[in-house]
Structures are given as C-alpha cells and as structure tokens.
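Participant: Mind looking over this structure? Questions follow.
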Amino acid sequence: MNQYDLVVVGSGPAGRRGAIQAAKLGKKVLVIEQGKRVGGVSVHTGTIPSKTLRETALNLTGWRERGFYGRAYRVKQEISADDLRRRLLITLDHEVEVLEHQFSRNRVHNIRGKASFIDPQRLEIIKDDGERIEVTATSILLAVGTKPFRPDYIPFDHKSILDSDELLEITDLPRSMVVIGAGVIGIEYATIFSALDTAVTVIDPKATMLDFIDREIVEDFTYQLRDRNMKLMLGQKATKVEKLPDGKCSVTLDNGRIIHCEMVLFAAGRLGATDTLNLSAAGLEADSRGRLSVNPETFQTTVPNIYAAGDVVGFPSLASTSMEQGRIAARVAVGVIAKEPPKYFPYGIYAVPEISTCGLTEEEVKERGIPYECGIARFRETSRGHIMGLDAGLLKMIFSLKTRRLLGVHIVGEGATELVHIGQAVLNLKGTVEYFVENTFNYPTLAEAYKIAGLDAGNRMGEVNVEKIEKKAAQ
Ligand SMILES: Cc1cc2nc3c(=O)[nH]c(=O)nc-3n(C[C@H](O)[C@H](O)[C@H](O)COP(=O)(O)OP(=O)(O)OC[C@H]3O[C@@H](n4cnc5c(N)ncnc54)[C@H](O)[C@@H]3O)c2cc1C
C-alpha cells in the first residue's frame, strides 16, 4: 500500500508540478509536505505573499496615481499591517484551495509530515502527532526548496528583527527599516515598504546590486529609488544588530556608522532545506549552502532514482523555473521523454518599480564580442504612459548587427513583468529588429514601447533586405 511510482518531498512549485505531471502519466504519486498546508514557500512565505503585499501597498497608497495627483496623494491615509494582511489571507486561501483541488482531481496522495531517507528507495515520514510512516518509491523527487539564512550575529526576535518569512506576520508597520541584503528579496521588500512611506535603508557589502541585470536598467532603477529618498548603502557591511531598551534597533556598520530604526529585515541569502533529509542514508551530499547538484537536463542527482528540482538545485531559484524543472524531472523519473525547454526564460523582480529581463545584457553582449545596437523607449513617449501619468519606465532591446536578431530585452517600470513576454517570444523564435519595426501594436498600450525601441535601434542599424535576413534567421 505504501509503495509508489514517484514520491515527491515538498509541495512548492517544483513538487506540485512534478507530482501532477507524473499522475497525469498514470503513475501512483505521493507528495509529502511538512507545512500546515500545501503550496511551499511560493504560496506561504515567498512569491504569492510578497506579490500580494506589493499589490495591496500600491492600491492602498494610490501609488500608480501619484504621477497625476502628486507625491502626497493617498487612497487611504492610515494604512495598517491588518489592511495588508487581510488581502494576503484571502489570496493564500484561494491559492491553497486551487492546489488541493488539483491534487485530488489528479489522484495525487498527500501526507503531512517531515520526510527523511532510510535508504535510496525508502523514506520515513514523521507526522505532527509523532506517528511514523514508511513509504517505498521507485523514484523520488526532492523539491524541498530553501529556508532563510539566519546567521548567529543577528538577534532575530520575531518582532522587529526579522527574516523574510517572519516579515509577513508583523502587527505594526514600521516608520523606519533597515534591510540587510540588496538581493532580489531584500530589494523587493525595501521598495514595497518605501512605497508605504517607511524610511528604508538598504545595506549590502557588495558595491553593486542586482548584478545579473543590465546595468543601464539598474542605474535607472537606482535613480528612482534615491529620488524618493531610499538610502542605498552599498559596499558597507552590517557587523552588529542590537535591540535597544526603547524597543528600537541599531545596526552598526564596518565603518563605525550606526543606524537606528524600528525594524530590521535580514534578507541576505537562503539555504537549501536539506539538513533534515538524512541525505547520507541515500548516498547523497549537499554543498555548503544545502544545495544538491543535478544533471541540468534530467534533474537526476548522483543517485540514479533520486531527482531534485526547484530552489534546492540553485540558480535561477524562481517559482516559474521551478515548475518547469519539476515537470521535466517527473517525466524523466517515470521514463517519459521530456523536451528541452526554450532557451530564454524571463526574470521578474517585483520591486516598486518592477524590473524584468530576458536574454543577454549589454555587458554580456560586449563580453562575447558580439557587434550590437541598442534601441530604447521611455514609457513617457507612449500615449498609454501619458494616460497613466507615468513619468518613469524604460524598455531597452539589444540587437545583433550581424544577424539583426534580438539578443536581449530589459525593462524597468509599470507592467515590466508582463511586457517582457513579447520580447521573450521574439527571442525564442529568433526574431529580428524588423518584427518590431513592421508590426502593428495595440494603441494606446505600453507594449508600443517595443515599436519605439525597435525603430530607435532600426534607424541606426539601417535598412536591409528583410527576406534574406528572415530566411537566414529561420535556418
Ligand atoms: C520573498 C520571496 C519572494 C519571491 N518572489 C518570487 C517571484 O516573484 N517570482 C518567482 O518566480 N519566484 C519568487 N520567489 C522564489 C520562489 O518562491 C521559489 O523559487 C519557489 O518557491 C521554489 O519552489 P520549490 O518547489 O523549489 O520549493 P518551495 O516553494 O520552497 O517548497 C518546498 C516545500 O518543501 C517542504 N519541505 C522541505 N523539507 C521537507 C521535508 N523534509 N519533508 C516534507 N516537506 C519538506 C517545505 O515545507 C516547503 O513547503 C520568491 C521567494 C521569496 C522567499
């Protein structure tokens, strides 16, 4: 009875998609999840909550209308942590419900408990009430994700010195906040709280931030953050964090500077959640950050019947890519061919403002020695931008001078994470600058920025024999 074709540990995007894929292929599948409800970090503490918080903050503050009515404009004057949580709970409930329904519809079994290896084909599950269950699997998919890195020198108190999981449980909105870590999670939360009028300081030992993003986009983004008084203290390290007798916090930097604030968010890194899996019993070993290495095409670990997908295998650590990895891993695990996914996937940073990117950055194009041309459009050049009152927003495309093909698309501003998919499609379908120059876009839309940027690049690249180029690109 406890014998399965595939046992999946973790019900986040990778586990969920893998389990459903295997079930759809007629396999007997079990998902083990230690959390109270299915969904993983993505649903409970990561993607969905942070994006819901962002949407709520933008709506309640009237952020999107400030271009018209000025920076003092507010939809709701006093915004409380309760206001933010209310929408969060409704969204999360709905997400979990959809997931539970997907599992039951596809006959995926589901046990709540903590899994660990007995040997490469057997797992032990310890339930909350202490009950022990043993299951056997032909294949196992580890989709255990990550948990926040909590260094000893940070006195986390679950109230005002927090990691990114705990931030969602705050009961009062802070008036000032220090965010340690200028990675994607740190920057997203820093800008969301800044939109809520919290005075935010971001500290990071690295002199630059978001290094995988095109520099021109980061420069524009940084300008917008500084313009609204966010403090970016890059190239400076936090060496001590303390809770003061008056309830406030102090953060000491390596240059001796001390910053006082009401709340500290530590968002500098996450570790693979492999420490309780008893990996050695399966013949597996994680790296120093708790991550597992896999064959990037099959997601097979060094033990042939054990697969790993999602954040536990490292970069790019996105819900979107984790789902695809889980699906491929499950297909390979049950012996069904998995097609290689298209080369280019988008990266979305849901900061305020949004950033999204797909393909090569200008820095990467230069490094590879590819002759190129860029096309740029500012959202304020579009009629839609005027209607929306946008005074910022930038779309940049990079084209090869030789093949005229699109090499990369980079956007900062309203709707960036949606807009990027047009560029992604053209990239994966090997389209050229002519696609943007000759196509008609809905008017008025922000997508029209693609046309403007295409014309900008096209004008400098000169006219060509389009037929010849398209034939060549299709080869
Ligand atoms: C604040 C934040 C914002 C984010 N925003 C975005 C975004 O906007 N877009 C995006 O694409 N990605 C985003 N991400 C990343 C995204 O959440 C992850 O890429 C995604 O959740 C990874 O999915 P996963 O399936 O690998 O694992 P997870 O979602 O981490 O789920 C793993 C599950 O495994 C369970 N588990 C672990 N160990 C065991 C065990 N031994 N036994 C049983 N169960 C176990 C855990 O309880 C957990 O439920 C964000 C992450 C964070 C933290």
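Cβ atoms are placed via backbone N, Cα and C, with glycine included.
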Participant: Given that TrEMBL annotates GLY181, ALA182, GLY183, VAL184, ILE185, GLY186, ILE187, GLU188 as binding NAD(+), state which candidate in GLY269, GLY272, GLY283 belongs to that site as well.
Facilitator: GLY269
Participant: For a quick check of packing: other C-beta atoms within 10 Å of the C-beta of LYS51 (FAD binding site), how many?
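Facilitator: Cβ-Cβ neighbours of LYS51 (FAD binding site) within 10 Å number 17.
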Participant: Using a 10 Å cut-off, grab the number of neighbouring Cβ atoms around the Cβ of ILE187 (NAD(+) binding site), all chains included.
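Facilitator: Cβ-Cβ neighbours of ILE187 (NAD(+) binding site) within 10 Å number 26.
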Participant: Which three-state DSSP class does ILE185 (NAD(+) binding site) fall into?
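Facilitator: Reduced to three states, the DSSP call for ILE185 (NAD(+) binding site) is helix.
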Participant: Please report the number of other Cβ atoms within 10 Å of the Cβ of GLY181 (NAD(+) binding site).
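Facilitator: GLY181 (NAD(+) binding site): 24 neighbouring Cβ atoms within 10 Å.
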Participant: Measure between the Cα atoms of every pair in GLY181, ALA182, GLY183, VAL184, ILE185, GLY186, ILE187, GLU188, GLY269, the residues the record assigns to NAD(+), and report the largest value in Å, rounded to a whole number.
Facilitator: 14
